[in-house]
């Protein structure tokens, strides 16, 4: 694009040659500059007159920052001084460092100043109380640049070692939450080239210059690289600034160019020729860009944008340029639900959305007013209680029926909070990648290539299956994987309906994969794959069941709606949906289990037992075919007696928050559920606040079941190991009894194999063994524990009488003669078959 031909601003000699800095006050009324001399200049916006000069400042200034009331300067002598913008006088020294200052950043509320120097620690000083100082540590080299995010909660420090360190501020020690390596260059702190991380005004990402002279956008949530502004500069980038609404970006470089970029398309809109530009500032509200050069000259460029690009500056707040914007996508392609339960309506919210400085944003929404948009079509003044003449309407008066208008709006706007649909084993987009499926067979992941996706299927066992990948023009967003094949689905797009695709791993025919399209207007909310059937739940609340090779087998409408998810195992399918509304305003989650082949319903509209506010993170069948649920509180539940209608109950088999590895309190981690197999919970450990696994391929971890019966913690003042041993044995008894019950249900409803019957006998022995060990502990504790000891013997499942006989021997070993006699009486009653009669 050719250079823009328009009236050039005149260069204003502001300071001697050398490093020069500038900043606007947040209200845009004043522009403050500092340089290598001891003069700070304050320019009034819109005035061509001489600036106000402060002649008694320190020399060799290296940084400047300003609020509406004061400004701060940092210098090579290590001091940071504060000056009033009302009286233009020195107020106080904010802080002093032993080495030169390199940058100053003010928090958005103007209460904290972050100060970077040649020291290895960044100070965050309270403006009102300079003795209150926070420190950003863990920097191996000095920080060159600092920047607060728009909320003031995070600071990005561009270090001289070529790493961006992101800290979360707290009332105590700030926490280092992320290191972004390989983004910026390793630069000397005195270099005119920039490595500054500049936050986008919406606060969800920041941009920084790279070694290739591009501008890379990085998500603040996960540190992943998003869109990039590429191919613009031929020299090192010296400055970059977002427009106030985030729709535009301007950059300067040593190639004598200032470039104007469109945030949405990352295309260059205009080029400006100005040499030696080292710092820039965009006016907070007007079409003015100011910049300074290494020659000490200041340019105030009024009318910087041409009319065709000025319209971009007039738009409301624009989103950060994500490859996959998480705000534009919701789980299961369902509409997003706002915190008050109201579904998001993009068209209505766009009309209500203002700039970050609007009064509504400052004061916040009133109760019941979040989404109560009313269109003032006839000019009668319904909108915001103001009529067409700028006067108040009568909306502030009480209603005739005694219900005020705001309460009525709240009543009409309220909707229950729904559990959003999700695909088990799938993760959201992170950058341009996401996992479509994760289980013990392998994993499926996809990469967004803008015009198409590339899908990769990898297996853990390469002896039986070979990895494969393919180009995906349909943009599949859901997948299931098992030993037999891989199932995909894609949403409707570009006038094409939603589609389901199945690819078997091995066939004896030339081609066995198949696709089928859903009816128009129907979207896939979740899919599942078993050894026998394919299940698809849709946005119309239909449950569609196919055979493995594409024959439609059954279609019915789910009673609980909207649908949430599904899972399947052999001939059984489990579906979940939203049910009735509870007292907290959230819907109850209901599930159904049926045997498709026999057309039998095992459980109908039963409730998923969740605590208040909890959400289901994943649902799957164990390797033995028992339904499992992992919820957002970190509890793994398994469904017992689910084959008997009305008898099912959810049993917690593991509370991950009570794992021994977390007992010290120093570890902070969560767990991504993968599977339940061999009485273990297989998962992926997530650290550093991550909510989802990411690339490279994560490692699987496993934890033994541990039913939360009691807290088996030895008191500090106790030296008795029985205090710790007893609860462990009790948990072992409850857990082994549960596993025995699940296996009994399986054997009674299937054609049991010899190995299963052998396993059943072993589990019965495990239950009795736990009771015998528990009896040993009670006998050891003393004669006064005899009642519980006898009760434990009564719990034994012992048709042969051998375990009760062993229990008598345990009592005799410890000299519990009375207990031994009672056990003998119990054995006689069992032998005579009169125990149950009593």
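Cβ from N, Cα, C; glycine included.
TrEMBL does not curate its annotations; it predicts them automatically.
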Legend entry - Of 279-322, 323-366, 367-410, the range TrEMBL labels region 'Disordered': 323-366
Inset, instruction - List the helix, strand and coil residue totals of the domain 'WDHD1/CFT4 helical bundle' (728-831) as derived from DSSP. - result: 89 helix, 0 strand, 15 coil
Inset, instruction - May I ask for the residues of the chain that lie six or more residues beyond the repeat 'WD' (230-271) and have a Cβ under 8 Å from a Cβ within it? - result: 1-4, 192-194, 196, 198-202, 207, 209, 212-215, 277-285, 289, 291, 305-306, 309, 312-313, 315-321, 355
Inset, instruction - Kindly state the mean pLDDT of the repeat 'WD' (230-271) in the predicted structure. - result: 95
Legend entry - Summary of DSSP states over the repeat 'WD' (230-271), given as helix, strand and coil counts: 0 helix, 22 strand, 20 coil
